[in-house]
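Record features (TrEMBL):
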DOMAIN    7-122  domain 'Tetrahydrofolate dehydrogenase/cyclohydrolase catalytic'
DOMAIN    143-293  domain 'Tetrahydrofolate dehydrogenase/cyclohydrolase NAD(P)-binding'
BINDING   Gly170, Arg171, Ser172, Ile236  NADP(+) binding site
Amino acid sequence: MTQATLIDGKAIAASVREEIGRRAQELQAATGKRPGLAVVLVGEDPASQVYVRSKDRTANELGFHSVKHTLPADTAEADLLALIETLNTDPDIHGILVQLPLPGHIDESKVLRLIRPEKDVDGFHPVNVGLLNAGERDHALVPCTPHGSLILLKRTLGADLSGKTAVVVGRSNIVGKPMASLLLAESCTVTIAHSRTRNLPDVIRAADIVVAAVGRPEMIRGEWIGKGATVIDVGINRLPAPELGEGKTRLVGDVAFDECLDHVGAITPVPGGVGPMTIVMLMANTLTAARRQLGLPEDKPIF
Ligand SMILES: Nc1nc2c(c(=O)[nH]1)N[C@@H](CN(C=O)c1ccc(C(=O)N[C@@H](CCC(=O)O)C(=O)O)cc1)CN2
């Protein structure tokens, strides 16, 4: 018996995208300027190529100024840094995104630290990380995947999450840590769990909200999740699927989805849950960055 509500990330992303399109048009009507986004891809990772194409296409569809830089896998770190310096001073570019992962010979942290914090639409620069952790979220640029996950939670549970217990499984800089900061700022009681957490099933079972971001296919079993909990599955794991044909693959999350359906309150599917929110929140951040750089007041937050 299915009792869980499916959280439709595609539909929610579409409604957020519409709102961003409206706001971008207002910006252009008021200032003659379009939000400008530069996306940088180094190498030929097939998934990264898909994501970068999708970012560029979405930006164009929303009427943004969009520039895509595709560099070969053996690009010298110094050349990538020089490109970022150029984008940092380009007045038509309000947001810079370097697609991750970068090839192994490039120091990722050095690259991310060079992006001007006000153009850091990924929210990975230490200034933006610090603002978020200091409770100054309204002055930061917030990482796209956790920000999108928070919107999914609010659309499902209502705007007030205060007092809820939340477990974030995974402690990455891209998802786990910023997700925990966002939930703390919403006055949730937050636990960050990880591979060395003792009694992980019991820790997860006690939570009203479970955010899974470990990058291990279906590691979190249905019986680990409490009755009525809300589950946000950030994992996108590609597994071989010979049953679909030779060489075919299928996507699964970090949560064993089917095992949850008879007892959780709501859950995001994979695909079609958190993923679509990531790109739309990049557009939201680019618009926010453009407004700030043009000296305009903040728009109201998107929820
Ligand atoms: N600089 C960054 N690099 C990476 C980020 C990021 O936020 N900034 N996140 C991920 C990749 N990513 C965006 O870059 C991303 C991942 C997944 C999706 C998505 O829509 N997924 C779909 C399924 C797509 C498929 O079939 O493969 C879904 O879940 O429904 C969008 C963006 C790592 N790098």
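Every residue gets a Cβ built from N, Cα and C, even glycine.
This prediction places the mean pLDDT of the domain 'Tetrahydrofolate dehydrogenase/cyclohydrolase NAD(P)-binding' (143-293) at 97. For the domain 'Tetrahydrofolate dehydrogenase/cyclohydrolase catalytic' (7-122), the DSSP-based tally of helix, strand and coil residues reads 61 helix, 19 strand, 36 coil. Residue density at Ile236 (NADP(+) binding site): 19 other Cβ atoms are found within 10 A of its Cβ, drawing on all protein chains shown.
When the binding-site residues Gly170, Arg171, Ser172, Ile236 are checked against ligand 1, Ile236 have a Cβ within less than 6 Å of one of its atoms. Among the record's NADP(+) binders, Gly170, Arg171, Ser172, Ile236, no two C-alpha atoms are more than 16 Å apart, and one pair sits at exactly that spread. A simple way to gauge crowding: the CB of Arg171 (NADP(+) binding site) has 17 other CB atoms within 10 angstroms, across all the protein chains here.
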